[in-house]
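What TrEMBL annotates here:
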ACT_SITE  B:Thr193  active site, nucleophile
BINDING   B:Thr156, B:Lys182, B:Thr193, B:Glu279, B:Asn403, B:Ser408  substrate binding site
Protein chains: 2
Amino acid sequence: MAVNLYIPPESQIFPIEGVEIGTAEAGIRKANRRDLTVFRLAEGCSVAGVFTRNRFRAAPVQVCEKHLAGGHDIRALVVNTGNANAGTGESGLRAAHDTCAALGNVLGLAPTQVLPFSTGVILEPLPVDRLTAGLPAAVADASPSNWFAAAHSIMTTDTQPKIVSKRVALGKHTVTITGISKGAGMIKPNMATMLGFLATDAGIAPGLLRDMAGAIADRSFNRITVDGDTSTNDSFVIMATGKAPVRIDAVSDPLYTPLYEALADAAKELAQKIVRDAEGATKFMTIQVEEAGSREEALKVAYAVAQSPLVKTAFFASDPNLGRILCAIGYAGIDDLDVSKVRLWLGDVQVASRGERHPGYQEADGQRVMKEAEIVVRIALGRGDETETVYTCDFSHEYVSINADYRS
Amino acid sequence: MAVNLYIPPESQIFPIEGVEIGTAEAGIRKANRRDLTVFRLAEGCSVAGVFTRNRFRAAPVQVCEKHLAGGHDIRALVVNTGNANAGTGESGLRAAHDTCAALGNVLGLAPTQVLPFSTGVILEPLPVDRLTAGLPAAVADASPSNWFAAAHSIMTTDTQPKIVSKRVALGKHTVTITGISKGAGMIKPNMATMLGFLATDAGIAPGLLRDMAGAIADRSFNRITVDGDTSTNDSFVIMATGKAPVRIDAVSDPLYTPLYEALADAAKELAQKIVRDAEGATKFMTIQVEEAGSREEALKVAYAVAQSPLVKTAFFASDPNLGRILCAIGYAGIDDLDVSKVRLWLGDVQVASRGERHPGYQEADGQRVMKEAEIVVRIALGRGDETETVYTCDFSHEYVSINADYRS
């Protein structure tokens, strides 16, 4: 049961010229489902990626980083669900390379022009033979209008496909942005068990796109948490095909900022959809920390609150047990925090001031806000001017059920 | 449903000469339950305490630290359940002081000779009038044989009382050690929502006892985690009455080490009982990290594993989904971790070597260990010689139920 997760109608999902997508049933883990996705990119496309900081980086993540760092002309992406190809050592790396070689073989590309992605169970060998056997069917299926099918085919424990698409006026021209994401558990910044693929027909210089990818991730996929578990496989890729008559080479270009903002908004929407569909989520919470001395300490506090099982279960119960939020602020790791300066709001209701219950606070007001499906928790620390925002969800019975049963 | 929590028969709970305990019904939060506990200490008792590092330290914690730091001759402790007196600002401090003054008045002591403790809901005013009204009845009830009653009366969401008692031969003499603890949720090191009270009739010089209290906490109450939430109220107190014919003034005393070990073992047992009775726990897990470069990094890894909701739900399901453990090791924050040196054992079964699935590993072996109620997870990092051990439990439906309903 996702929380206010908007799925656009197919008519509102705009293809990106230069991107074709095909899906197929490869039987990676389960039969009778499309679990293999291939992106074909036109020549001259810029591609940039941001990947997990987990030290156990999955084999496909290592291969992606190598192929991107090598400055190869990336022309295809291949995504499998059902198996993460993580914790698989040398044989896992070989499997990821073999996947790239096989797709390169079908498409007439060098293996280094392919980026591989995997999501699913960790510590099990990737059935690379089944995967490569499915590639010709996926390639045969390729079409510019398959974004919706791809959003489905990359899902694991997701209950809903996650897709965003829009057209944006840039100067005299219009560019199109379309993207998909997946992820529902093992979600924590830097990054989630999430895959995100965002494409635009604008042209963007490769170096610039690389910088933009990092900055955009820090406003979207690196600001969500479901359970505090940073996955081994997280990957976010931006593709700029350059088929529209707009090309941006530098930050100084007047069209840079509107394009950056449009891409960042699309990424943020894709990231928030992951939280909205988080395993067992019944509430979508925005944790905004203000007046921090630095962005780092704002994030520390935001994540301490967003990841506290006690806070999350209280939200699940719609119980304004708000002392649990103060408690989490207190253990967030700011050693010289002056609690007498801390204020806390739940929606528009001020709950705490001077580090204690706000004089005007009535439990009925807190209760009213807690019953809503979308809740903003605002925390002012009284230490400086920095603000950071993190998105999360509540913690329900369903989360336990899903994660206790995931492999069965 | 606690996991193998041993409750000794009353005949095996030995009084400590110099300690009398009384309990009473004060109606702090719920009617018809003993929620107030008073310890009376004989003259000449050494008392030392270790308290939460949460920046929102509850009012009673602040008062305890002040009274202990002042070198006052501590002669009484007062504990209430049902209300934490935390997030209560100046009025909370006043309530804690009033509590000390009221008990001092009944016992003929200065307020500074009393240590106050509170546990329960945060951010609500302590009903200090009801508390102080209950003090005469608690004092009238005082007796050396009330340890078991006290173990009950300090409980909150605990399902079982936690008590340890033993006699230890020290040279020609025997000393007695008896203690109680409480806590089941909001449990994470430094410290848990836990209260621990440990007493011995051995004599220990006050400065030495202070050092011992810190070291003992780091082997017991600071090595447990249920949900990663460090409470505002955690307190661990050791009392040494000096009534037995054994007195230790320095670490160089040959009896120091055996006494220290006996006290540390008792504290560890009390701490482990908290995990065994953790909210919703069905399994008791020992996470042992070896070959770390420092104790700090061993703890980082141990806590990342112990606190991962994905690891904890997999244990709840008895599902050897062990990639989740590697994943948690990977995001524990050791930036230069060489994953190819990491090995992992589940009980006696080696699961991973060289950062991947161990060649001899069979899922059936992992499954066999996962079905046990007590599981040792052993992780070798291949970086050095340091070892740390953390105790935790699984994460079940029941945890969510308890924490979603706690206040109702």
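Just so it is clear, glycine is given a Cβ too, placed from its N, Cα and C backbone atoms.
Keep in mind that TrEMBL annotations are predicted by a computer and have not been checked by a curator.
Note that this is a predicted model, so its numbers are computed, not measured.
Known features from TrEMBL, placed on the structure.
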residue  : record                 : CB count, 10 Å
B:Thr156 : substrate binding site : 21
B:Lys182 : substrate binding site : 29
B:Glu279 : substrate binding site : 27
B:Asn403 : substrate binding site : 28
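Those binding-site residues from the list B:Thr156, B:Lys182, B:Glu279, B:Asn403 that have a Cβ under 8 Å from chain A Cβ atoms: B:Asn403.
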